[in-house]
Amino acid sequence: MPHQPKQGPDPSLAYRPNLEVDKTKEKEDYRNFKSGNLIDRVFNTYKLMHTNQTLDFVKQKHSVWAGCNHDHKRMMDAIMSLDQLVDESDPDVDFPNSFHAFQTAEGIRQAHPDKDWFQLVGLIHDVGKTMAFWDEPQWAVVGDTFPVGCKFQNSIVFRDNTFMDNPDEKTFSYNTENGIYESNCGLDKVLMSWGHDEYLYRVMKFNNCSIPEQGLYMIRFHSFYPWHSHGDYMHLCNDKDLRMLPWVQEFNSIFHPFHSKFDLYTKSTELPDVDKLKPYYQSLIDKYCPGVLKW
């Protein structure tokens, strides 16, 4: 069984009923990294991330987590365990992730009632954050992701003032446009900064879950904002990546012109009736990722 993390989420950060609710919040206000009452916590998380996420670090994390030998549990149990985690990299919410999971799923269900796999992706997309319960610090679990082993692009959040102490910043071979990669090699061959996106993708593949490829891309790259929202790193993409990009953008890009912004814009403090929704989403879990999974 996992023990409470020494670093990472603080269980006392659970949802507080007196949390300020701003019902007038505009879409332009989401992803606000410049102001707001959470900004110091957000910045500190990214400073640690951008200092410590190196190529060597990412390779080491793959070796630790890719074997999915930390736990055995059902998907719904993993979702509900997120109640103890508040994402310190996210400036938009200050309540537990399980609420956001059901909010996102319901937003997708309303707009795409015929795509049950899409709804399930909305529900589970952040479940990889359970790594925090095994002493992984938040900067190796949450937040926007970016490739390591090549030049850090300017579209990475806090790019100007958080990478100064990253050793890879001083390694010439990692600071060209391609770095260690070939042009158009495909994102599957690119090592991303370690976090919950890649971890859950690995869990899905390891357990032979039947979510379609579009959904797996959403899981694996929904935090890759420099790519899906800013158009960076296209020189590393292959044709498959470009075909999958609109699906990732449909899921959560703030700049994409589609009407549905499920991940980001469902982060309101109007909480869903989780008990009422559970039976429907359990049926989707039973269809695409049933039983006890290895984590």
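Note that Cβ sites are derived from N, Cα and C of the backbone, with glycine treated the same way.
As recorded in TrEMBL:
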- Arg31, Asp87, Glu88, Ser89, Lys129, Gly143, Asp144, His222, Ser223: substrate binding site (BINDING)
- Ser35: phosphoserine (MOD_RES)
- His100, His125, Asp126, His196, His222, Asp263: Fe cation binding site (BINDING)
Checklist entry - Going by C-alpha distance, which of the binding-site residues His100, His125, His222 is nearest to Asp144 (substrate binding site)? => result His222
Item to check | Surrounding CB atoms that lie within 10 Å of the CB of Asp144 (substrate binding site), all protein chains | outcome: 23
Checklist outcome for this item: Around the Cβ of His222 (Fe cation binding site), other Cβ atoms found within 10 Å total 27
Item to check | Around the Cβ of Asp126 (Fe cation binding site), the count of other Cβ atoms that are within 10 Å | outcome: 27
